[in-house]
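**Student:** Submitted below is the structure of interest, expressed as structure tokens.
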């Protein structure tokens, strides 16, 4: 019977088993970006990161965003759409509310005049309160930083002209 040297025996025996997490074809469970715990069940991937579904929430209202539209800010903080608009949308200079889409809508209209933002319904003449629009004689006729309709603009100009002639 041939003798096998110890050197040959060492090369013919199988290598010792590797730990499970490092075995070929097996990966370590993903770690949740929020809680840093391993994700053993369903994994949610968003913004290139892994989350437990219950950890993927809006930073403002803490509502779960699993299966819900969301967005991220410049710092990569996750927001529900409503809170993102409330936080980052331009504010109307009249009512101070954010100018954001109505519920169920994705877009809104913002009016910018004299470097100020307005809701459509807040874009009114400062003197008479009439709604300003793109229609004939219903547009904005600014004067000295004031948003005015055509009639109120004319009245103010007449008042200024009359005052200027009496001051002479």
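Using the three backbone atoms N, Cα and C, a Cβ is placed for every residue, glycine included.
A quick note: this is a predicted structure, and the numbers were derived from the prediction, not measured.
Among the features that TrEMBL reports, region 'Disordered' is placed at 1-25. According to TrEMBL, the feature compositional bias 'Low complexity' maps to 1-12. If you look up TrEMBL, you'll see 30-90, 91-159 marked as domain 'LIM zinc-binding'.
For each feature listed, report its degree of burial, its nearest neighbours and the pertinent distances within the displayed model.
**Tutor:** Across all of the domain 'LIM zinc-binding' (30-90), the predicted model scores a mean pLDDT of 93.
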**Student:** Taking DSSP states H, G and I as helix and E and B as strand, how many residues of the domain 'LIM zinc-binding' (91-159) are helix, strand and coil?
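**Tutor:** Once the DSSP states are binned, the domain 'LIM zinc-binding' (91-159) shows 13 helix, 12 strand, 44 coil.
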